[in-house]
Amino acid sequence: MSVANSRTAVYPGTFDPITNGHIDLVNRAAPLFERVVVGVAYSPSKGPALSLERRVALAQEALAAHANVEVRGFDTLLAHFVRQMGAGVLLRGLRAVSDFEYEFQMASMNRHLIPEVETLFLTPSEQYSFISSSLVREIARLGGDVSGFVPASVVEALRQVRESRAQA
């Protein structure tokens, strides 16, 4: 087990897909920590549109400009992943009041599971406060333009998913 380091933060999520809101949060967190680990959760129960490997690759591409940011997939309990990474901070984004109740419950549970780790909430920049991966997936599934919400590589990945489902 690693010792918690307050200079290392884990930003977990499904990132199905990574959005400009996620990227904004990492852009703002990267200068605050020596190391930021973006933990891409396997989450098969959520029925992700993109495979874990694809989500990791898209996040790596989107965040490549940061030398202190690494992207890792994980399929364990978040508390175990955070300890494995030696992190002392768990980053979470809060878009709206509607996110707060869920995030508060998760932070409380994580405090019991990993008491040595603090949860830090960051709010998005205003232009990203309405973006969610689920909305992006739904717009893309229905053939809408998501280019204002995600990087070009994600637009292409979602187009490929839509085409493969149309052929199935």
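A Cβ is built for glycine as well, from the same backbone N, Cα and C atoms used for every other residue.
If you look up Swiss-Prot, you'll see T14, F15, H22, G93, L94, R95, E103, Y128, S129, F130, I131, S132, S133, S134 marked as ATP binding site, on the strength of sequence analysis. The Cβ of S133 (ATP binding site) lies under 8 Å from the Cβ of T14, F15, D16, P17, I18, T19, H22, each of these being in the same chain and 6 or more residues away along the sequence.
A sphere of 10 angstroms centred on the C-beta of K46 (substrate binding site) encloses 12 other C-beta atoms. Positions annotated as substrate binding site by Swiss-Prot: T14, K46, L78, R92.
Look at H22 (ATP binding site): DSSP puts it in a helix. Its Cβ placed at the centre, H22 (ATP binding site) has 24 other Cβ atoms within 10 Å. Among the features that Swiss-Prot reports, site 'Transition state stabilizer' is placed at H22, with the record citing sequence analysis.
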Of the binding-site residues listed as L94, E103, S129, I131, the one whose CA lies nearest the CA of L78 (substrate binding site): E103
E103 (ATP binding site) CB neighbourhood, other CB atoms within 10 A: 16
ATP binding residues T14, F15, H22, G93, L94, R95, E103, Y128, S129, F130, I131, S132, S133, S134: largest Cα-Cα distance, in Å and rounded to whole number: 18
Under 8 Å by Cβ from R92 (substrate binding site), same chain, sequence gap 6 or more: Y11, E103, M106, A107, T119, L120, F121, L122
